[in-house]
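Participant: Starting off with a structure, shown below.
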Amino acid sequence: MLSTSQRCGEISFDSPEQNAKCFRMLGDARLRGQTGVLSERRGSYPFIDFRLLNNTIYSGEIGTKKKLKRLLSFQRYFHASRLLRGIVPQTSLYLLDEDYLGQARHMLSKVGLWDFDIFLFDRLTNGNSLVTLLCHLFNVHGLIHHFQLDMVTLHRFLVMVQEDYHSQNPYHNAVHAADVTQAMHCYLKEPKLANFLTPLDIMLGLLAAAAHDVDHPGVNQPFLINTKHYLANLYQNVSVLENHHWRSTIGMLRESRLLAHLPKEERQDIEQQLGSLILATDINRQNEFLTRLKTHLKNQDLKLEDAPDRHFMLQIALKCADICNPCRLWEMSKQWGERVCEEFYRQGDLEQKFDMEISPLCNQQKDTIPSIQIGFMTYIVEPLFEEWANFTGNTPLSENMLNHLRRNKTKWRNLLHKQHSSSSRSTDHSVQKTEHEEQTLNEGGTL
């Protein structure tokens, strides 16, 4: 029997035994103590509009955290009221001319290659890279036939997901989601993993990759906590954004009725596993997952025939896909690095404007793009991808990614060295100019 909490969008299993079994399998998903999955209503948390926050009419009025919170609450109300009045974001799909469609189709024939250019693909699909890519991959992997999915409903769901990303975000937008999804597709083809994957595993991996950052506000978890945002209170300051991404995804799945034809138990299992995958992308849990992976590889006790071990490796694959930018070709890697730092700097500017302490990596005057990227590669990316290569058995893809990573790190170091050299020359020139001015004044001259 379903619990009364179903009226609030929350579902529980029929018995404590079923709940316990689910929690043992998804123990790292931080679901203990919950009786089911609480979905968030679509559009419940709009993006933080920096144009509104920086509007001159507010410049002399807003200067406290209390006023900032009030403004964000107003944004939420305004966004929700638009939805209630039937006003939806005007980002529907547009028809492309045949030349662009032909180029996009040609790119999709090479979607499994690591040098896939997601920026070019997004331009060729007129900003609809996520929808186009997912429709193609669901077809390629036979998921539409296997799960008897309705193509119109699938398309509707994917448009929902794409629209709930915010193009105003330099980094956490639908193009990033498409890039992560393409990377996930590459990882799912690695022989060590592919030989054991079920259609359910593949669908979960692709859906989690596509929706793992949906409705991202463009600021990080500490910002939401420090401003006492309602999401931080809702999720008790734990994996705030990741919980929001997951629950928003569940809301869209239910609203679109994409999986409504599946048995109730299967739908519940899919929702729980999606949560476990998306929650794994919390960067604060990096050491937790890395330690577990190292232990498994050292003990050689991974049994991919077993669903829990396959699920764990899907979590690792998604974590790799989420931070794979430094492992791409330099031209793409550099652009992603600049985009994520721009998003950091926007948050830092916002924090400075409202007299908040500027978060680490968000101070444009102190934290340079090369230094941020080098630190990210050294402490986050390299340790994870080295272990991923150990798992896959140093396949061509893994070696290619590690080679790109090392070359890109060298290029960032060269850029950092140039910045330091330029800064030193500028300082020396200023010192020489000052000394010259002092000498002129001492000699009775004029400047």
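Just so you know, glycine gets a Cβ as well, placed from its N, Cα and C.
Worth saying up front: this structure is predicted, and the values here are computed from it rather than measured.
What TrEMBL records for this protein is below:
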type     : residues                                                       : note
DOMAIN   : 96-419                                                         : domain 'PDEase'
ACT_SITE : His172                                                         : active site, proton donor
BINDING  : His172, Asn173, Ala174, Val175, His176, Asp213, Asp322, Gln373 : AMP binding site
BINDING  : His176, His212, Asp213, Asp322                                 : Zn(2+) 1 binding site
BINDING  : Asp213                                                         : Zn(2+) 2 binding site
REGION   : 416-447                                                        : region 'Disordered'
COMPBIAS : 426-439                                                        : compositional bias 'Basic and acidic residues'
Participant: Let's check the environment of Val175 (AMP binding site): how many other CB atoms sit within 10 Å of its CB?
Facilitator: 22
Participant: Just the number: how many Å between the Cα atoms of His212 (Zn(2+) 1 binding site) and Asp322 (AMP binding site)?
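Facilitator: Rounded to the nearest whole number, the Cα-Cα distance is 9 Å.
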Participant: Long-range same-chain neighbours of Gln373 (AMP binding site), Cβ under 8 Å, sequence gap at least 6?
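Facilitator: Sequence-distant Cβ neighbours: Pro326, Gly337, Cys341, Asn408, Lys409, Trp412.
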Participant: Can you give me the Cα-Cα distance between Asp213 (AMP binding site) and the residue listed as 'active site, proton donor' in Å, rounded to a whole number?
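Facilitator: Pair distance, Cα basis, whole Å: 7 Å.
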Participant: The record lists His172, Asn173, Ala174, Val175, His176, Asp213, Asp322, Gln373 as binding AMP. What's the largest Cα to Cα distance among them, in Å, rounded to a whole number?
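Facilitator: The AMP-binding residues span at most 22 Å between Cα atoms.
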Participant: Do you know which of the recorded positions His172, His176 has the most other C-beta atoms within 10 angstroms of its C-beta?
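Facilitator: For the recorded positions His172, His176, the Cβ with the most other Cβ atoms within 10 Å is His172.
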Participant: What count of other C-beta atoms do you get within 10 angstroms of the C-beta of Ala174 (AMP binding site), across all chains shown?
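Facilitator: The answer is 25 other Cβ atoms.
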Participant: By Cβ count within 10 Å, point out the most packed of the binding-site residues listed: His212, Asp213, Asp322.
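Facilitator: Of His212, Asp213, Asp322, the one with the most crowded Cβ is His212.
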Participant: For Asp322 (AMP binding site) and His172 (active site, proton donor), determine the Cα separation and express it in whole Å.
Facilitator: 11
